[in-house]
């Protein structure tokens, strides 16, 4: 026996460990590289979303200024035009003479300084007026300006970032400024010698001059550049607009927006990385997260803060301020225009920052890789120590025993198994405990979230720490919004209710922690709500209330119903006659019945008409009018418990058996000393039917839009097939025509037939997708049927449907639109196919046609499940369908009926449930001389040999095929690869006919057509266009306007050669004249 060596086993074990670990290491590394790129793209998308959210925030700030100035202008114009009276004519009496400091002489003007220190100071601004200039002011202009103080005050209360609001009179007689500033501060404080001088200086500011007709003839609102406030408020911008008295410029209103607020707004934005500014169109910094300096004579430019490497900012400024993302100079720039301003929001993030963020995202992969390697090495060490070495020792011991030796007992660890079993047992118990705990937690949360009642937990001062979904729905807010510290539950309580709630909480003690209360809420949207709460107090170790666990419900309907019931009872007690007058006057069925027996005690005329009830029949009860007496029992039970039931729906039966959907509002009353029910019944049958119809039509319209989009997509795919199909049809036609080998000619004929079939399908798609007015002509109905069956052939075959046709030849033609009739037949075939899918095999579809001198009859029959009478009677109604959602739109048969009726025909249905369906279409015959244009081949004798033809097409295969086809007819052909080359060739004058594609890069077909007309007017008449894009509206418009000859792809060789012959003949005829 060879000696045993443990070295190969150890080496093989090490190799196995390495081979097992290597794929995992490579996989983690590959995922890290992949995730780096994915996270980088995700960060870019997130940054794009950040700029959009930031734009919404800034837009809301700017909108306040825009709306404020617009409101001031509207109110000023209305006051000047006399559309509304001034708010308080007595305000002008508050204007008092104003004297310079220390002067005892004549007053230099008038102000509102007299209101200083009074409550009016908070309501009004100040007006500075020079009386000898008032003659130039508009009538009522002073009163108008005084009336503007109120909207100015209200706006400044909620928008503290609007520093000043003002009106400057174009007469120079006065200015009005809010909020209030006294004369001493405004005149002497800013270095003005007098009120007159102060007004003149204000009227010299650009913010006023930009409103004058000389600078602003259109009378539009505008924004000023940033400037330092003379009053020391810092940098600001003004938004102003001119005011007109009728059509005459009267003055200017405006407001000043503090840039420091915009700075603070940007500071509050959660910025992932980079820097963000608000920049004007001229490159000035409107706002900066780092703050705008409060001093300095000029505002900073974007060039001063933009990172280096961007070059001349003036050159790239329009580009980087354009809304969207721009990548340049190692940075990502996100820009968004701020509505109503010449500003843009600019967010700049360097690639280094972006890569740093992304690297942080994939750091877990590096940790995973290191952990994986460490785990592999640790596992290797443990396995080697605990398993491999003992196993090898055991093998050596067994080998020694088999050799007859007396080996010592191998050292094999044996004590680890009990510990492993103990640990496994502990972990099994722990997992079981955790699963039970998770199940219990999930059950508790499921119960709480499924409750229709409100479950909340809050602190005594009204801040929530838990809410369930029902409470979120009640407030119309998310859970995060309600749990946010900015939301306080007590804010929705009126002061009296807040006091009651505080007293209610004070009554909770550890000994009696439970109590109930009903509270009245004034909701932020103006609603009034009543809630009933059952509260349980939670106390700390010192018996202090720390939280309240509450379960509540909305009792608004109950409270309102109780109020309505009390009002109704009072009204009934006051006057029985008044009740009868009201009962007979309302358009509702009013019924009073005894509670227990349902005996009728009173009905109004509407109840008699609706339900056939009347009091004159002694002992008549109202139970006969109930379709389901259990609903009345439920109504009675609710009335016994609550006394009031509103919006109770039930089905009622009229005397003729017709069922009505009704809405009942009922009250438990006492009538003639006995318990009774007063009920107001509303017939909502039509409402419910209308709601169901609207829902169904909305779904049908959605399905129709999807079908329209699918049709457009199929049309686009069909266009892509035109060029290769033209090449296949053209070459197979020439191969078949000029081949001398019968076998080759036969193969060419098969290729040509297959390509022609594809061509017909393409034309069918284009005809269905093309939006054009109906065109009437002679139509072979049998060809229409064959085309529809060819289009649906695959679906019929795959469904195992046997198709039979009886289409005799020689039938009269129909005068109609072939595309529309094709749509009718296709709809009928597809409907039959879908119906047959619900029937067992064998499945048969039979189409027959017949006719006489009066008309033609087409019958589409199937052996499907048929239709019951209630479906058959409605099958032609628009949007009516019995198919499941997503299968049918309900408009196919109604469209078929409309098309057939437009052709003076009829469509009928003969069907019974379980016996299939037979649709019969009858169409009148066309005129006796109606014929389908023959598809005659071009004979050799009809050709015009030696014609000079220029072929222009950017597709070399199409151009070569057309040239070869024309050369076979004896023409001299030149190929131009684009319109420029074609113009050079046509300029020589040696051209009888030019055949050009319409869609080409560079100069297209219409451009070539116009250029040829410029070279020589007659050349344009020698053009024949080839196109595969007739769906494009601009192509249709060009063909209609010019009358240019055109043939569609895929090309029919015979039709193409015939049209070439016609064009050459027309050219020859024109030259002969």
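Just so it is clear, glycine is given a Cβ too, placed from its N, Cα and C backbone atoms.
Among the ranges 362-383, 384-405, 406-427, 428-449, the stretch that TrEMBL annotates as transmembrane segment is 362-383. In summary, the domain 'Histidine kinase' (716-927) lies against the domain 'Response regulatory' (948-1064): three or more C-beta pairs, each 6 or more positions apart in sequence, are under 8 Å. If you take every residue in the domain 'PAS' (440-512) and average the pLDDT, you get 84.
In the domain 'PAS' (440-512), helix, strand and coil residues by DSSP number 39 helix, 9 strand, 25 coil. Using a 10 Å radius centred on the Cβ of residue 997 (4-aspartylphosphate) and all shown protein chains, the other Cβ atoms total 25. When secondary structure is read from DSSP and collapsed to three states, residue 997 (4-aspartylphosphate) falls in the strand class. Broken down with DSSP, the domain 'Response regulatory' (948-1064) shows 60 helix, 24 strand, 33 coil.
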